[in-house]
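Per TrEMBL, the features are as follows:
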TRANSMEM  A:42-63  transmembrane segment
TRANSMEM  A:83-104  transmembrane segment
TRANSMEM  A:116-135  transmembrane segment
TRANSMEM  A:147-165  transmembrane segment
TRANSMEM  A:185-207  transmembrane segment
TRANSMEM  A:228-246  transmembrane segment
TRANSMEM  A:277-300  transmembrane segment
TRANSMEM  A:321-341  transmembrane segment
TRANSMEM  A:347-370  transmembrane segment
TRANSMEM  A:391-413  transmembrane segment
Amino acid sequence: MFKNFWPKIVIALGVVGPGLIAGAANNDAGGISTYAYAGSRFGYLLLWVLTLNVITLFVTQSVGARLGIYTGKGLSALIRENFGVRATVLALLTLFIANTAVSASEMAGIASSFEIFGVSKFITVPIFAVLIWWILYKGSFKKVERFFLLISLFFVVYVFAAVMAQPDWAEVGRALTVPHFSFGSAYLVAFLGIMGTTVTPWGQFFIQSYIVDKGVSPKYFKIEKWEVFLSAFFTCLIAAMIIITTKNVLYDNGIVVDSAKSAALSLRPILGNWAEFLFGFGFFCASLLGAFILPLTTSYTICEALGFEYGMNRTWKEAPWFYGLMAVIIGIASVIVLLPFLSLFHIMVSAQVVNAILLPVILVFVALLMNKTKKLGLPEPSKFQKFWYNLVTWEAVVRLSLVSLLLLVVSIFPNAGDHIINWAKDILF
Amino acid sequence: MMYFSGILKSDVTDASEKVVGRLKDILIKSQDGEYAPLEFLVIAGKGGGLFYIPYGETEHISKSGVVLRRVWDKLERVTERPTGCLSLVDDIYDQQIMDINGARVVRANDLRFAVVDDKMRVVGIDVSVRGLFRRLGLLWLDVFHLLKTNLIDWRDASPVRGTLKIGALASNFHRLHPADMADIIEDLHLKRGSKLVGYLDPRSAAKVLEEMDEETQKKFLKSFDPGRIRQILDNMSTDEVVDLIQSFSKSDAAVYLSFLGDERHQAVKKLLAHDDDTAGGLMTVDYIPVSLDLTVAQAMEEVRKFSARFRSILYIYGINTEGVFRGAISLRRLLLAKPEQKLREVIKKQKRLPTLSPDDNLNYICDMMTRYNLFSVAVLDKDHKMLGVVTIDDVMRTMRPRA
């Protein structure tokens, strides 16, 4: 009996492990801040968005994995080869803006983890900007990558924190399944933030090139799908736990998170006096990981699509665009973070909103590509699968576009929400 | 100067100056070492439908559009796609292109046409940012002319897409050094890369694989079928195979070991027993052992026999019937000796030669090779039986693993 048992366990762990790590790593500093803000400001009101997100994230990521496995090409290459130069420039510009925003959020994460201990951002940001670029340039990043990944597992602590807070699980269950909507601009911002930090443009590019780099063969698509599912599940699980924790520890006591320091408060019940230190350290590592990965993958993607030389084994002279773009992204991100009139916390949350607003552009490309089965040599999916993939992807496109538009309207006409409600009532009743 | 971006989608007028459609694509015939002549214009007719017009029917082609020689109704036009042609839009534009001279992979941003030998041909592929801006209609932004055009000669490039074209391209590909081939293949995506390796003969394929880092080697090997794997492993040098197998997990390693022939299997297994950075781990068993009773001419014959299989041959090694090391002789000395002389007379005797034992560490090896100016050293066990040789290349690799 045990003969068959152990290999299965090993395979299961082999799939759960990367899924868990990817899930934890998806929740970077910007993510944690956004969830903490949402939970402390609106309690459970946004939990239902996470339920939708699990589905959206799982479907979009497995479509990405599918494209990667069967074509052996990255997303940007597929866009270039199928939709031409203009579409490619549009997609890359979108990616560039979104990723620079996230890079700024990671830089802000690094700065705010140091601010917990009273070190000014004017000292940390320049130092880390130079350090990050130097390490990327030297190509020695791969060695430390795993270490940071492991540290970012720290935020699994929220699972325990949430349980310790003894929430009313029935209420949580209801909040996860029953949609709630409001037209306040703060609610819309938090709504978009949560969407934009789980389903991201860079995540969509990343999954595909990750699969291509790994050289996964079509045989293993099923396993890969499980990995994608688990990573989506863990991402949203940890997000839900952060919201549950902050609701019970902060929202119920009338504290709204507005900095990393106040977000750390949510871990006081479980970690006591160590809360700030450990939170700060975890926050720092998660941010640093992202601060490395984002400039690197962005530059990689752009160079691949436009045909510039790229790769860590190239020198500055051989691949000036590759290293130059990384420097530009790190530079812009640092300047944004150093602007004196923006708070670090605002940068982190707004970056996620920017992501959410830009995401539909990328998702439309993904949706168009996944339907080009014949041209790309993908196996024909079953009718149900096809319907399901299209439904989920286009639903996300519509949802994001509508809410973004709404946010725009509401920020220009603050009373627009009331008008819409009254208008809807007039029609319905 | 005419670029494809300039004429694509422009109006097509016939001899009566009526607009009859728009230029949708151009088909070419590609042959090795020749600028590809334009064969057919693909025109989207005004009333719908695709028409393939032989290039000979054009009067004039320029930025302002295409003018045909005859009236539309009298033209020779085909509605079925002619076979054996490449489509500039589908097969070349925006695709990855291998630049054989520069040994790199780039993307075709634009194409340059010119008249060569009385025919309009594709002469160059624009891979520059300037080409990109031209495509986007943004060239006016470049007020200070900072962007330079960077053309690749059409004859030096081959598109990487689809089976047929890769076959044609592999014939050019042979001209490159294996290290450059490896660079290109690593830049391509796995699928196309492995297809390309598939077109190489086993020996070249093995050489290219040797130039890749272990992770990439593994990925590529996994994408081949067992027969191909066996061929490639057979053609790789023994110490490369050892390095490769060491990087596999235990179960995978067993699978790949089983692909090796008996003799190879034994040799690899022996080497696997040693630590990575000791003489035993570094050494290769690809050396030429000879009996001291041979003549110089016979020894040369041995060199000829092995030369195709081994990466480098600097010395040949004298051993007795029990495999005990008796001395070494450089190729230079061998060349200068008289053909009928016995090796025993010309070989450098064992006592005067520094040797290694399998447990010697890297530092010791480096010190010794530097001190005595050695290109390769024999590795002996405690009974002075010869196990292998450490060459300077093996040592260099430990210092610069990526090169």
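Here the Cβ of each residue, glycine as well, is placed from N, Cα and C on the backbone.
Remote same-chain residues near the transmembrane segment (A:185-207) are listed as 26-28, 30-31, 34-35, 37-38, 41-42, 45-46, 49-50, 53, 56-57, 60-61, 64-65, 68, 74-76, 94-95, 98-99, 102, 228, 235-236, 239, 293-294, 297-298, 301, 349, 352-359, 361-363, 366, 396, 399-400, 403-404, 406-407, 410-411, 414 (criterion: CB distance under 8 Å, separation of at least six residues from the stretch ends). With a cut-off of 8 Å on Cβ pairs spaced 6 or more residues apart, the transmembrane segment (A:347-370) and the transmembrane segment (A:116-135) reach fewer than 3 such pairs and are scored as not touching. Looking at A:42-63, A:83-104, A:228-246, the range that has the most CB pairs within less than 8 A of the transmembrane segment (A:277-300) turns out to be A:83-104.
Long-range neighbours of the transmembrane segment (A:83-104) within the same chain, counting only residues 6 or more positions beyond its ends whose Cβ lies under 8 Å from a Cβ of the stretch, are 28, 30, 76, 200-202, 205, 290-291, 294-295, 297-298, 301-302, 305-306, 329-330, 332-334, 336-337, 347, 350-352, 354-355, 358-359, 361-362, 365, 368.
If one looks beyond the transmembrane segment (A:391-413) by at least 6 residues along the same chain, the residues whose Cβ comes under 8 Å of a Cβ in the stretch are 52, 55-56, 59-60, 63, 183-185, 188-189, 191-192, 195, 199, 353, 356-357, 359-360, 363-364, 366-367, 370, 419.
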